[in-house]
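Have a look at the structure below, then the notes.
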């Protein structure tokens, strides 16, 4: 049996012989297992993390293709293994997804994730022979198992809440329908005993992981990522530090203390968070004074993490935008041209921050009830990860001062809430100016700089002009 | 029983209560298993890869501490479990290693790797309670098992060849001694059935990996790394591309073709490698014309990998050092000040290359008989990894043109050989000048530039001056 109609094979290489896989060519990651074992969540989490580290990964979810072919979900009967028309429909949907995986890799992307059940040996052989044997890509199976009735019950409830199939259906009826759907799959199910295929098996109740024949940098990276995925619903809290004396002066970077208003925000944040009585709350801050001071009143264990420090502006640390334009007009223009990739001399870019915060993201993915107090650029990257932003969107995300940001998992997506606290503060967001040429005038370069006080830097030039310390 | 004399506890925090581990504090990775199961190789490989990605990891090998206390190894009798004095000596050595792990973490490093046998439940409890319970660090056990007699036999032979204990001993007698030593350990051995500790179990014959309670970014990273370690002896070959037309002109970067002498090197390289009849040879090149052309005649499957491209010189791509000094004197001086960390505007640094080649290193670690044809900076990084160089040494490593470099594993170290082919070429290595100030004169900046032709860049300014194409 051939999964793919050869006439539809597009530009991918085909030949009768089995080729050795190209080690740096594309990888297909295919999930296998009964419904409600966490396969989709694992697929989407893998995709997010792999994309974050510079790969180009995409999930092809067979159930999405099934919904494309049959818009209205009726009931579990669709999944009866002995119903020829329905089996055929599901095979077509699987074929669509496999086809798009091949197209994704053929156009130069690195990882295609096939989110499928592949409950029979025959289906897995087809996938392996097609991608590995015919197309020369590497294949990794991820087998999801779970026998814990309590975890399964929770998974059923999450699916009813979040799946399109059950939108508008009575929850009790929906859960009964899932049970019957799973029962149909159990009839056909052949657990994956194949010893010759690269495979990671994950028990999504205990999170015990077994790896067999896993080699290749993408596959071993995936193995590491799976260790840091937790599938339980969770809530995370974020806040920028309170307004700092550098914010007031319109200066970037540095290690300034909080302004008087920033101190008031720290108190308001602590009261608000403490009054929420969040169970087992933990706090992560950067190692800079303004985040540590902001979190000080929150009643929870606190850890100061260097990976949460603000983007390092290198030679521009502590400068105002006006000084940057005066001293480094070329650099200032380059940054406006490509804020995502631009690196300050001896400093960092947003891309660098994305890498630096990966360890924090790994920790947050498996944690619940953490408050992260950090900085604008760093929080843009972390929130962008959970909200599925593209790298290009990160440098322009809105992360206002004096606001608690809460994200709550909903299936594999997140709900985002802003809780603005009523403490005034400056605006620190400079939008992209129209003219980004290195030859632009200073006026053009400074057009979008937000209003701020204009005092010589008290930290760099103590005694030179009025110091802000006297303002307290 | 207390492993550590409290009076020796130095600056690490101690208290009677069990503290929750700080998630971003240090991690202790402790190996457990019988001798000759590959524990030391796994420890050193983990350490190299973790350090490479910016952690500060160090291996404390209990056998090294035992040799410090008892310089001359006599025989297997040292390991008899019922010999009180010898057991005591080994407990002291274990204590020394544990002590140094604590000191390493207390001075701000992130990962201590305890290379030990820890064959009894009691020993593992001690390690866990001390590091996790008393000091608040996270602990991960790595259990190495192997029941394949053929693999064990090979391991015994490797140990006899490479271990200090058996230097100068008759190989047959040495192997017999290892057998008896292992037998002593088997008497005391309690396989690790503890379910409550974070653990990765690895069967070093099949490389099957099982992970239990593995969370935390270091631990999950270690899990991924373990997937890409192979413990078999292996040999790898490296070469820079043949001399390019940019090398002749003293220009950096770009995508120039080979010079006439570079073409001759490509032929010589192919004859030499082909005449060696290396079994299952594979070739990796960068995606630039000069490496692809250099490897073209080698009779083996070839793959062109973007991660092997030369360091991106950004705005300086295609410039000569003279032009760089003229157009970007500040950048040129900054680079001389810190060649490891300096990033060309819109380009890369050596640190960036280290990250970029990690996928290639992961592949090379588990491969045998690969020829990598790449570029000066990239090969400095890859060879530096296997030769245990510090990051600071990388930018000044000697990787000459027109030379095959072969590395062969010896236990967990590598033997390095240069095979110089007799084809003349320019010298492309510019040593660090004495004056690295941004205010230096052009003469000072250009003092160490190697001799080269001085023709306007034929690729950037076609038709402007004599083109090198006419020289063929």
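Cβ coordinates come from backbone N, Cα and C, glycine included.
Automatic prediction, not curation, is the source of TrEMBL annotations.
According to TrEMBL, the feature domain '6-phosphofructo-2-kinase' maps to B:27-220. Residues annotated as substrate binding site in TrEMBL: B:240, B:241, B:242, B:243, B:244, B:245, B:246, B:247, B:290. Per TrEMBL, the feature active site, tele-phosphohistidine intermediate maps to B:241. What TrEMBL records for B:310 is active site, proton donor/acceptor.
Location within the structure of each feature annotated in TrEMBL.
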residue: B:240; record: substrate binding site; DSSP (3 states): strand
residue: B:246; record: substrate binding site; DSSP (3 states): helix
residue: B:290; record: substrate binding site; DSSP (3 states): helix
residue: B:310; record: active site, proton donor/acceptor; DSSP (3 states): coil
Cα-Cα distance linking residue B:290 (substrate binding site) and residue B:310 (active site, proton donor/acceptor), given in Å to the nearest integer: 11
Count of other CB atoms lying within 10 Å of the CB belonging to residue B:241 (active site, tele-phosphohistidine intermediate): 30
Cβ-centroid neighbours of substrate site B:240, B:241, B:242, B:243, B:244, B:245, B:246, B:247, B:290, 8 Å, sequence order: B:248, B:256, B:258, B:259, B:262, B:294, B:401
Nonlocal neighbours by CB distance (under 8 Å) for residue B:240 (substrate binding site), same chain, sequence gap 6 or more: B:373, B:374, B:375, B:376, B:379, B:399, B:400, B:401, B:402, B:403
Long-range Cβ environment of residue B:244 (substrate binding site), under 8 Å and at least 6 residues apart: B:256, B:257, B:258, B:259, B:262, B:290
Pairwise Cα distance maximum in Å, substrate-binding residues per record: B:240, B:241, B:242, B:243, B:244, B:245, B:246, B:247, B:290: 14
